[in-house]
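Q: Structure provided below as structure tokens; questions to follow.
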Amino acid sequence: MMDHYSLIMHQHIDDTVWCPSNIEEQNITHISEFHLMGLSDDLQLQPILFGLFLFMYLVTILGNLLIILTVSFDSHLHSPMYFFLSNLSLADISFTSTTLPKMIVDIQTNNRAISYSGCLTQMSFFMLFGCLDSLLLTAMAYDRFVAICHPLHYQVIMNPRLCGLLVFLSILISLLVSQLHNSVVLQLTYFKSVDISHFFCDPSQLLNLACSDTFTNNIVMYFVGAISGFLPISGIFFSYYKIVSSILRMPSPGGKYKAFSTCGSHLSVVCLFYGTGLGVYLSSAVSLSPRKGAVASIVYTVVTPMLNPFIYSLRNRDIKSAMWRLLRKTV
């Protein structure tokens with residue numbers, strides 16, 4: 001009797017067609033489902049992975065939800081910096097929820113199949129919230145730039161209207177990037193395999209499986225990467241260049257320390273998010289094993305959103321004080 005995976009591999013087989021990049025004929029599968037390879041095929045390891053990722057997901061949800069509630073209910077935190085922080089926490093919850101619940105269910109049920117429409121949906125939300133994370137970090141860098149370089153005009157420049165506009169533009173650009181990527185993938189109807197060497201529908205993996213013009217796919221990937229990666233990083237780098245230049249001109253050591261401390265949490269999150277993302281990109285380029293790339297990507301898809309609340313709560317006195325006040329009210 002054929003197992004579920006074999007059934008997926010043998011269904012919807014079309015006539016032999018040609019791959020543009022290959023000389024020889026190949027059997028290309030026109031599929032209704034994909035098969036996520038996951039992190040490991042070791043059955044004894046599955047209960048450990050299930051418990052570990054369930055714990056990490058719950059910590060991520062509760063930690064970021066606590067940040068949102070603390071900022072919402074404490075009037076002392078009704079400022080642009082914490083407004084952006086609460087939106088970042090909401091984006092982190094959504095980003096993690098795009099991939100992790102599906103993986104946890106797959107481990108528990110031992111069924112790694114995902115429908116074609118489900119794969120596209122997961123990929124779209126992954127691009128949306130990943131790009132939104134990046135753009136919100138850029139908005140937070142701009143907020144710190146105005147606070148340190150133009151402190152006397154901070155309240156005038158970072159008014160509620162501008163803050164709302166920055167978040168709205170971040171969401172709009174993320175939607176456009178997600179839909180652009182989705183529109184390209186929707187044009188793909190033939191794939192070389194149904195096996196995706198990841199625990200979720202990774203966009204680059206899906207494009208690599210497509211039997212289509214790789215030049216067009218690469219152009220789209222570079223364009224998406226520029227909008228969601230290069231431009232935000234450039235904005236953050238420019239903001240911190242100005243911030244550091246301004247801080248170094250301060251005569252008082254105490255003033256320098258206070259200015260640096262206001263940026264410490266944000267800078268830690270930026271380094272963690274982009275550092276791990278770049279590390280995964282470079283490791284996947286060097287390594288020949290896609291499975292190793294999937295394991296490495298856990299850092300920025302799971303670990304980073306989980307650690308963000310701890311970074312902000314441990315390094316920020318205002319957040320810690322507000323959390324204690326919130327806990328005392330609830331208890």
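Note that Cβ sites are derived from N, Cα and C of the backbone, with glycine treated the same way.
Sequence annotations record features per position, and here TrEMBL assigns transmembrane segment to 48-69, 81-100, 120-142, 162-181, 219-241, 262-282, 294-314. What TrEMBL lists as domain 'G-protein coupled receptors family 1 profile' is 63-312.
Explain the structural surroundings of these features, please.
A: Here the transmembrane segment (48-69) has long-range neighbours at 39-40, 85-86, 89-90, 92-93, 96-97, 100-101, 103-104, 107-108, 302-303, 305-306, 308-310, 312-313, 319, 323, 326, meaning same-chain residues at least 6 beyond its ends whose C-beta is under 8 angstroms from one of its own.
Residues 81, 84-85, 87-88, 91-92, 94-95, 98-99, 102, 114, 166-167, 169-171, 173-175, 177-179, 181-182, 185-186, 200-203, 206, 224, 227-229, 231-232, 235-236, 239-240, 266, 269-270, 273 of the same chain lie 6+ residues outside the transmembrane segment (120-142) yet bring a C-beta within less than 8 angstroms of a C-beta in it.
Beyond the transmembrane segment (162-181), the same-chain residues lying 6 or more positions past its ends with a Cβ under 8 Å from any Cβ of the stretch are 80, 83-84, 87, 123-125, 127-129, 131-132, 135-136, 138-139, 142, 203, 220, 223-224, 227-228.
Within the chain, the transmembrane segment (262-282) has long-range Cβ neighbours (under 8 A, six or more residues past its boundaries) at 88, 133-134, 137, 140-141, 144, 147-148, 229, 233, 236, 240, 243, 293, 296-297, 299-300, 303-304, 307-308, 311-312, 315-316.
If one looks beyond the transmembrane segment (294-314) by at least 6 residues along the same chain, the residues whose Cβ comes under 8 Å of a Cβ in the stretch are 37-39, 53, 56-57, 59-60, 63-64, 66-67, 85, 88-89, 92-93, 95-96, 99-100, 197-200, 202, 265, 268-269, 272-273, 276-277, 279-280, 283-284, 320, 323.
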Q: So if I exclude everything within five residues of the ends of the transmembrane segment (219-241), which remaining residues of that chain have a CB under 8 angstroms from its CBs? That is, six or more out.
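A: Hits for the transmembrane segment (219-241): 127, 130-131, 134-135, 137-138, 141-142, 144-145, 173-174, 177, 180-181, 184, 203-204, 207, 263, 267, 270, 274, 277.
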Q: Same chain, outside the transmembrane segment (81-100) by at least 6, Cβ under 8 Å from its Cβ: which residues?
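A: Distant Cβ neighbours of the transmembrane segment (81-100) are 53, 56-57, 60-61, 64-65, 67-68, 71-72, 122, 125-126, 129-130, 132-133, 136-137, 139-140, 143-144, 147, 163, 166-167, 199-200, 269, 301-302, 304-306, 308-309, 312, 318-319.
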